[in-house]
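S.K.: Structure below; questions to follow.
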Amino acid sequence: MSNIKLIVGLANPGAEYAQTRHNAGAWYVQELARICNVPLVAESKYFGVTARATLHGRDVRLLIPTTYMNLSGKSVAALANFFRILPEEILVAHDELDMDPGVAKFKLGGGHGGHNGLKDIIASLGNDKNFHRLRIGIGHPGDKNKVSGYVLGRAPAVEQERINAAIDEAVRSTEILFNQDMAKAMHRLHSFKAE
């Protein structure tokens with residue numbers, strides 16, 4: 001059984017960023033909220049939109065920070081501190097350059113890999129890296145100088161379909177995570193690749 005009490009989807013705020021690759025984490029949380037039939041509501045004290053959902057009979061908070069990506073930790077720490085949620089009880093969903101579109105993987109701990117949202121969350125949690133991540137593959141532009149424009153751009157339709165399929169599979173795997181355990185959820189999700 002999972003001990004996850006907070007699921008965070010990283011994003012930049014505003015309509016101009018809503019469909020950009022950098023917002024893949026938010027797409028996952030939005031899909032979880034839809035499946036759980038709960039509205040994401042703006043909560044200024046948490047600097048984000050949030051919902052209280054039930055997954056397999058257990059309470060979990062959903063959060064999409066409405067700060068910019070590089071200030072995500074302000075939002076995560078505000079909610080986690082208020083509800084006394086420990087880093088190891090947090091799952092952060094984010095876009096991952098080092099994985100192809102159509103792939104998603106769970107991971108516990110590790111560095112930020114250059115991801116500004118993760119970097120700020122780690123700092124805001126007292127440099128504690130021991131939180132869970134859901135890495136959603138978006139692919140890499142092939143040149144590190146093009147990364148900023150790439151993550152803030154929209155994926156072509158075929159790539160977007162693969163990203164969406166991986167998110168759907170991640171949602172199904174999250175249900176396994178809450179109903180069974182992380183090992184089974186990882187086994188299912190890590191063997192999936194959208195074609």
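Including glycine, each Cβ sits where the backbone N, Cα and C put it.
Values in this document were obtained by computation on a predicted structure and should not be read as measured data.
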S.K.: Per Swiss-Prot, which of Asn3, Asn37, Asn116 sits in the tRNA site along with Tyr17, Tyr68, Asn70?
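M.R.: Only hit among Asn3, Asn37, Asn116 in Swiss-Prot's tRNA site, alongside Tyr17, Tyr68, Asn70: Asn116.
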S.K.: Starting from the Cβ centroid of Tyr17, Tyr68, Asn70, Asn116, which together make up the recorded tRNA site, report each further residue of the same chain whose Cβ lies within 8 Å of that point, ordered by sequence.
M.R.: Asn12, His22, Thr67, Met69, Leu71, Ser72, Gly117
S.K.: On a C-alpha basis, identify the one among His22, Tyr68, Asn116 that is nearest to Asn12 (site 'Discriminates between blocked and unblocked aminoacyl-tRNA'); the candidates are the recorded positions.
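M.R.: That would be Tyr68, the closest of His22, Tyr68, Asn116 to Asn12 (site 'Discriminates between blocked and unblocked aminoacyl-tRNA').
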S.K.: Relative to the Cα of His22 (active site, proton acceptor), which of the recorded positions Tyr68, Asn70, Asp95 have a Cα no more than 10 Å away?
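M.R.: Correct set: Asp95.
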S.K.: Would you pick out, from the recorded positions Asn12, Asn70, Asn116, the residue whose Cβ has the largest number of other Cβ atoms within 10 Å?
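M.R.: Per the Cβ count within 10 Å, the most buried is Asn12.
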S.K.: Other than its own, how many Cβ atoms are within 10 Å of the Cβ belonging to Asp95 (site 'Stabilizes the basic form of H active site to accept a proton')?
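M.R.: If we count other Cβ atoms within 10 Å of Asp95 (site 'Stabilizes the basic form of H active site to accept a proton'), we arrive at 25.
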S.K.: Sorry to bug you, but what's the C-alpha spacing from Asp95 (site 'Stabilizes the basic form of H active site to accept a proton') to Tyr68 (tRNA binding site), rounded to the closest Å?
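M.R.: Here the two Cα atoms lie 15 Å apart.
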